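Visitor: Okay, here's the structure, questions in a sec.
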């Protein structure tokens, strides 16, 4: 048999079948760097509309984890897709550099007794070192950005502009000093932000404590009695015995019914609804003597169990009946509700008792417990209560309790003098900060939508923002307080600008080493220089000011507003939250137009990632084994609005999907062998009907893909691209065109039409995948024929796809019908192959028995129907002529019969045709192949 291989147009490409991503991706990174891709995008972006995704800064501490990878990849997909959509989409990565975790690391390494200036120096060095490590990992993920000039909250310019942002808020009268209970960590020795608090189970003692009545006559009258004939106690229940020494009041709900219970040796005051459960807990018998509403008990005095002072009853709406006794003991220094209730009843700051020091130890002067650590003092307080006859019950419970996110140790509320941003404080002009923020939320688009209600609820219910910290490594609050009056210097805003100018040159050290006389002159002796630092959430929360408006100036002309903030869902109480407050305080609007949140990573069983469970996935390991593009494809394929499942098995499935997409692109490239779009591209009207349909299908898909990118539905992009490769291309079009592509004349219309379609599809496909498979798209781009920009990212969505007019005979609906018929034929061919009735599809001859309308439709393809069905023969017949052994199909009005061909196989096209062997010069070829080799070539019209 003659070898006819040389007469075929076989696929050929240097594009590798094996991806080798771990080895090839670094070469692409070098290419992007060598051509200055990010800088070129900025250069061509001047006339484009701007899209600003402002980076929420990760903390400059430790290696990146899988959550970091998810976040940065999502951001990069958006930036790349916006670039392809014709936007100028700068991406300035940033880092959060100040704060306790870094200071804690330095103290752990170098000891706690370092001079403050040395601590700051080492913190700055440590943060810089951590940033370099994280930066390398983010770049390796393929994230395109201004890596040579990222923003860092510790950059001198950023530190200075943060002070200026604070000055703006001072100018508008949002900032004040106050004594309030704040989240306090003994290990940190500082207040904590709400976002630095996490909850964990804690075992705590619970005690029921009786406070003896001091105003017995008033108590009797409240219950409608003439007098009390025995001692009486009002009973509280608490899980914090250590707060009893600081008790200053008792709270009841005005509308709850309270009972005076005769418990034998004394009367007990309890919520009526809880009498039965309380008596059972006390192992006592008792009888309700009288009842009264809580409001009747207001201002009745009781005595502290072991100190010579009174505890009056105050009314409070937060008292509930879900546990305890229905009466709450109030220590205003150690509880927010307690504090506000006592203040409402006229208690001054000087009257508030605060015996617990910053390290958790009682002051030495506290009777009975001085010098004791509060957690260790709990049993001693219980013993004292038992000694004085006030302990009615003592148990232990496990409950959810607030802990420090860094030290994992329990926190307390502790009233300290701190600097606050007032939520309801009336500014010099306009609405309160709470009102501004709640209004701004209504102007913000949330993705997913439930984020709006979540953030609204947090803002509506949050207390004033405590912005001061008692640490070394942080941006200073550069205030001077008058020693006599405690008031801020009258030139505070002006002085803050002078400090900012110094910080811009020397960093935060400029404030800490500053002699007050340098700024205040002779006034210095009258003022105290404050050394508090700003909450790190103020650092990151003002990046819209000191980055978009300041160091990088990438905001819109209208001001430092980002189009999008994108972070994990925990940032509703973190960066989204603090940015909203600072934006509304300074500019009276949110610093973002859209908020997008993603969930957290879990394993395939829905469990959180944990080293102890052994279910963590390290991004660096995935990159080194599978490649960054596999990680990117996994991120894109997941609905990130909920929990994001990841495991080795899930990543392997992503790798399998990647292979299908890569193989499809390789098929396209290999069949563009010998194609030059400058000379070989056909106009739509000269293309075959099937090829026009394929280009039209790509156009429809591109519209859907562009919309999915606009709406951040990357999982839809993935599924549409993957399905297109598997179904419309792999399962239909590409199989059909192989015969025409390989066997017709190299420069025939039939082949050039096919190549034109493949070229258009490849041009579109490489762009569709570019935001997700960043490395692979760049690799594909280099192998596409024709002149083009250096990088796919310097292009925009492909505009060469042509729509198939609705009025053509073989329109979209026609090919949908043909696809259904082909699927039915394929199913029967599979059955026949399984039964070993036929070998390959080309060994089969199929007869389609169709009702008249369907037969007429299929007849439009003429002799080319067999090429669509990929059988050696395809015959049409009336449905009424179907023999008994014809097979029903899922297509209405269609039956099938497949038989094995009795004809010889063509040695070139492999079709079984009756004219094989009829040509003496080529005894093993069919007439069609002889025409393609020696004649003017076959003519195709449809497929």
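Don't overthink the numbers, they just go from 1 along the chain as shown.
Cβ atoms are placed via backbone N, Cα and C, with glycine included.
These came from Swiss-Prot, pasted as-is:
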- 58-68: motif ''HIGH' region' (MOTIF)
- 567: L-isoleucyl-5'-AMP binding site (BINDING)
- 608-612: motif ''KMSKS' region' (MOTIF)
- 611: ATP binding site (BINDING)
- 906, 909, 926, 929: Zn(2+) binding site (BINDING)
Visitor: Determine, to the nearest whole angstrom, how far the Cα atom of residue 926 (Zn(2+) binding site) is from the Cα atom of residue 567 (L-isoleucyl-5'-AMP binding site).
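Guide: With distance taken Cα to Cα, residue 567 (L-isoleucyl-5'-AMP binding site) is 64 Å from residue 926 (Zn(2+) binding site).
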Visitor: In the motif ''KMSKS' region' (608-612), how many residues does DSSP call helix, how many strand, and how many coil?
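Guide: Going through the motif ''KMSKS' region' (608-612) residue by residue, I get 0 helix, 1 strand, 4 coil.
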Visitor: The motif ''HIGH' region' (58-68): which same-chain residues, six or more beyond its ends, come within Cβ distance under 8 Å?
Guide: 95-97, 99, 101-102, 105, 127-128, 130-131, 133-134, 137-138, 152, 568, 600-601, 609, 616-620, 646
Visitor: Judged by the number of other CB atoms within 10 angstroms, which among 906, 909, 926, 929 is the least packed of the binding-site residues?
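Guide: Sparsest of the binding-site residues 906, 909, 926, 929 by Cβ contacts within 10 Å: 909.
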Visitor: By CA distance, which of the binding-site residues (906, 909, 929) lies nearest to residue 611 (ATP binding site)?
Guide: 909
Visitor: Compute the C-alpha separation of residue 906 (Zn(2+) binding site) from residue 567 (L-isoleucyl-5'-AMP binding site), stating it in Å without decimals.
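Guide: On Cα coordinates alone, these residues lie 61 Å apart.
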Visitor: Around residue 567 (L-isoleucyl-5'-AMP binding site), which residues of its chain at least 6 apart sit with Cβ under 8 Å of its Cβ?
Guide: 56, 71, 574, 575, 576, 597, 598
Visitor: Any idea what DSSP makes of residue 567 (L-isoleucyl-5'-AMP binding site), helix, strand or coil?
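Guide: Going by the DSSP assignment, residue 567 (L-isoleucyl-5'-AMP binding site) falls within a strand, counted as strand.
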Visitor: Just to confirm my parser: what is the rounded mean pLDDT across the motif ''KMSKS' region' (608-612)?
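Guide: A mean pLDDT of 79 is what the predicted model shows over the motif ''KMSKS' region' (608-612).
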Visitor: Using DSSP, break the motif ''HIGH' region' (58-68) down into helix, strand and coil residues and give each count.
Guide: 3 helix, 1 strand, 7 coil
Visitor: What are the other residues, in sequence order, whose C-beta lies within 8 angstroms of the center of the C-beta atoms of 906, 909, 926, 929 at the Zn(2+) site?
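Guide: Here the non-site neighbours turn out to be 743, 907, 908, 910, 911, 913, 916, 925, 927, 928, 930.
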Visitor: Could you find out if DSSP has residue 926 (Zn(2+) binding site) as helix, strand or coil?
Guide: coil
